[in-house]
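Notes follow the structure.
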C-alpha cells in the first residue's frame with residue numbers, strides 16, 4: 001500500500017512517456033482506425049471535434065458514440081484534413097523527435113541522467129489519466145477471425161483508471177477451419193521513436209511487475225513480448241496469470257519477472273527460457289477462460305519495481321528428458 | 001556442450017584464423033573466413049536461448065554478406081590481375097569493395113549496427129572471443145592489402161567509428177554493449193593508422209586484445225552484465241574493483257597506463273604525416289569513450305553506489321571460477337607503458 005502511495009504521489013521519478021505520433025495527427029488516426037479501437041474519438045474526426053466528445057461516465061451497457069468497435073468506422077464524419085499539410089506536419093514532428101532524441105541521448109538513457117536511471121527502484125510505465133493514455137493501447141478480440149466476442153476500452157470514473165469491458169463468446173467461427181474461439185486482449189503499442197523507429201523498454205533494474213487492477217473474478221493472462229528484429233520471434237512471448245478477485249476493492253498484483261514462462265505460437269514450450277528484461281517491447285492482457293458472458297477489468301496503472309526480497313532468477317527448470325538438446 | 005564438439009569447434013576457430021593469416025591465395029583466405037564464421041556460430045548458441053539465437057542469426061547474416069562482397073572483390077581483382085596471390089589490389093573497385101567487406105566483418109561504422117546487438121545476446125566468454133579473436137583475420141587481410149586501400153574511404157570509416165563508438169556507448173547500462181561500442185571505437189583507431197604505418201595497427205590490436213581480455217575476464221568472475229551489478233562488486237570481491245578501475249582507465253587511454261601507448265603512437269605518426277586536424281578530432285572524440293569508462297570506474301571503485309541494505313553484506317566466497325591468465329593480463333594492460341621503446345623497435 002505504501003508503495004502505491006509513493007508511486008502515485010510521484011516520490012519516484014515518473015517516466016515521461018513520449019506521446020506517440022498517432023494521437024497528434026488526425027491523418028495517422030485515420031490510418032490506424034482499421035485495427036485499433038482504443039481511441040475515444042472517432043478515428044476520422046478532426047482534432048477540434050475530439051474535445052467536444054469528451055463526456056462524463058456511462059455504464060457498462062450501451063455504447064457511447066465515442067467508443068469505436070473493431071473494424072467499424074463512422075460513416076457520417078468525413079476527414080477534414082489537408083493532405084499536404086498533414087504530411088508536412090508529420091515530417092516536422094519526426095525531425096523534432098529526432099532532435100529531442102539526440103539531446104536526450106546526451107543527457108542520459110531515456111532523457112534522464114544515468115545516476116537517476118540506475119538508482120530508480122520503482123517506475124510507473126503506463127497509467128490511465130486521460131484519453132492520450134488510451135491511445136497507447138490496442139484492443140483486439142476474436143472478431144478478427146470471425147468470432148463473436150466484443151471488447152472496448154474507455155476511461156473509468158473521474159479519469160483515474162481505464163475500463164476494459166466487453167463480452168466473451170466462445171462460439172467458434174463458422175469458417176470450416178477454426179475449432180475454438182473466445183479471446184479478448186489489450187496490448188500496448190510498441191513505443192516508436194523518430195521516423196517510426198521501433199523502441200523498447202529497458203527494465204533490467206527491476207524484477208517485479210506491479211499492477212493495480214479491479215476485476216470481476218476472471219483469470220487474465222499477462223503477456224510480455226521482447227523486442228526482436230527477426231520475424232521468427234514475433235510469436236514468442238512470456239506469460240503469467242493474474243487472478244482477479246472481483247469486489248469493490250482495488251487489487252495489487254505483483255508478478256516477479258522470474259515467474260514468466262515462455263511460449264511460442266500460443267503453446268507452452270518444453271524448453272523454458274528466462275525473460276530477459278533489457279529489451280521489452282509490449283505487454284498485454286488476454287482473457288480466454290472459456291466462460292461466455294460479459295467481463296470487465298479496471299486498470300489504474302502498470303508499474304515495475306525492484307523487490308529486494310525476491311532473489312529468484314528463473315522459476316522453471318529444463319529437464320534432460322523433455323529437452324535433451326539443451327543438455328548436450 | 002559435449003567436450004568433443006567443444007574441442008572441435010575451438011580448434012576450427014583457431015585453425016581458420018591461422019589459415020587466413022598465413023594464406024597467400026585469396027580463395028584459401030576466403031575459406032578461412034567462412035570456417036571462422038561457421039565455427040563461432042555454435043559457440044554463440046551454446047545456451048540456445050531466443051536472444052542467443054537472434055544474435056547468431058544477425059551475426060551470420062552480416063558475416064555472410066561480407067563474405068559475398070569479399071568474394072566479389074577477389075573476382076574483380078582476379079579479372080584485372082589474372083592471379084590469386086594476396087598482394088596489393090589492382091583495381092580501385094575491388095579495393096573499395098574489399099575494404100567495405102572487411103569493415104562489415106570488423107564492425108566499422110557505418111556497418112557497426114550488428115556489434116552491440118550480437119555482443120549483448122551472447123554469454124560473456126563468447127563475447128570475449130567475438131571482440132578479440134574474430135578481429136585477427138580481417139585485420140590481417142587489411143594489413144596485406146593496405147597499400148591499395150582508398151585513403152578517403154578508410155579515414156572516413158575510421159573517424160565515423162571513433163565518433164559512433166564514443167557517442168553510442170554514452171547511455172548504456174549493459175556492460176556488453178559498452179564493450180561493443182568500445183570495440184567499434186578501437187577498431188576506428190586501428191584502421192586510421194593502417195595506411196600510414198600498418199605496424200602501429202598491429203600494436204594497437206595487440207594492446208586492445210590484452211585490455212579487452214582483462215576486462216571480460218574481470219566481468220566474468222562475478223557474471224556482471226549491468227552497471228548496477230558491477231557497482232556491487234566491492235562487496236563480493238573488493239580487489240576486483242581496483243583492477244576494473246585500472247583496466248577501464250587504461251582502455252580510455254589515460255597515461256601512465258598501457259592504453260595510452262597506441263593512442264600516443266598513432267597521434268605521433270599522423271602528425272609526422274602532416275595531418276593535424278584528424279588526430280585533434282580523434283583525440284577529442286576519444287574523450288567520449290573516456291567519459292563512459294570513467295563513469296563506470298566512478299560507480300564501481302571510487303564511490304559507494306547506493307544500494308539496498310541486503311546488498312551491502314554479501315558473503316565473500318572463495319572464487320571457484322578459473323581466473324585464467326587474469327593476473328598476467330592485468331599487469332600487461334596497466335604497466336606496459338615504460339616498454340614503449342621496445343614495442344616501437346619490434347614493430
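Numbering starts at 1 and runs along the chain as displayed.
Any Cβ shown, glycine's included, is placed from N, Cα and C.
Residues annotated as domain 'NADH:quinone oxidoreductase/Mrp antiporter transmembrane' in TrEMBL: B:23-287.
Annotated domain 'NADH dehydrogenase subunit 2 C-terminal' per TrEMBL: B:290-343, in sequence order. Secondary structure counts, DSSP: the domain 'NADH dehydrogenase subunit 2 C-terminal' (B:290-343) has 33 helix, 0 strand, 21 coil.
Sequence-distant contacts of the transmembrane segment (B:57-80) (same chain, six or more residues past either end, CB-CB distance under 8 Å): 26-27, 30, 33-34, 37, 40-41, 44, 89-91, 93-95, 97-98, 100-102, 104-105, 111, 114, 117-118, 121, 130. What TrEMBL records for B:57-80 (among others) is transmembrane segment.
Among the features that TrEMBL reports, transmembrane segment is placed at B:92-115 (among others).
The feature transmembrane segment is assigned by TrEMBL to B:151-171 (among others).
Per TrEMBL, the feature transmembrane segment maps to B:202-220 (among others).
According to TrEMBL, the feature transmembrane segment maps to B:241-261 (among others).
Per TrEMBL, the feature transmembrane segment maps to B:281-305 (among others).
Taken from TrEMBL, the feature transmembrane segment applies to B:325-346 (among others).
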Same-chain Cβ contacts of the transmembrane segment (B:92-115) under 8 Å, 6 or more residues past its ends?
33, 58-59, 62-63, 65-67, 69-70, 72-74, 76-77, 80, 134-135, 137-139, 141-142, 145, 148-150, 153-154, 157-158, 160-161, 163-165, 180-181, 183-184, 187-188, 191
For the transmembrane segment (B:241-261), could you work out the same-chain residues 6 or more beyond its ends whose Cβ comes under 8 Å from its Cβ atoms?
182, 203, 207, 210-212, 214-215, 218, 230, 233-234, 286, 289-290, 293-294, 296-297, 300-302, 330, 332-337, 340, 343
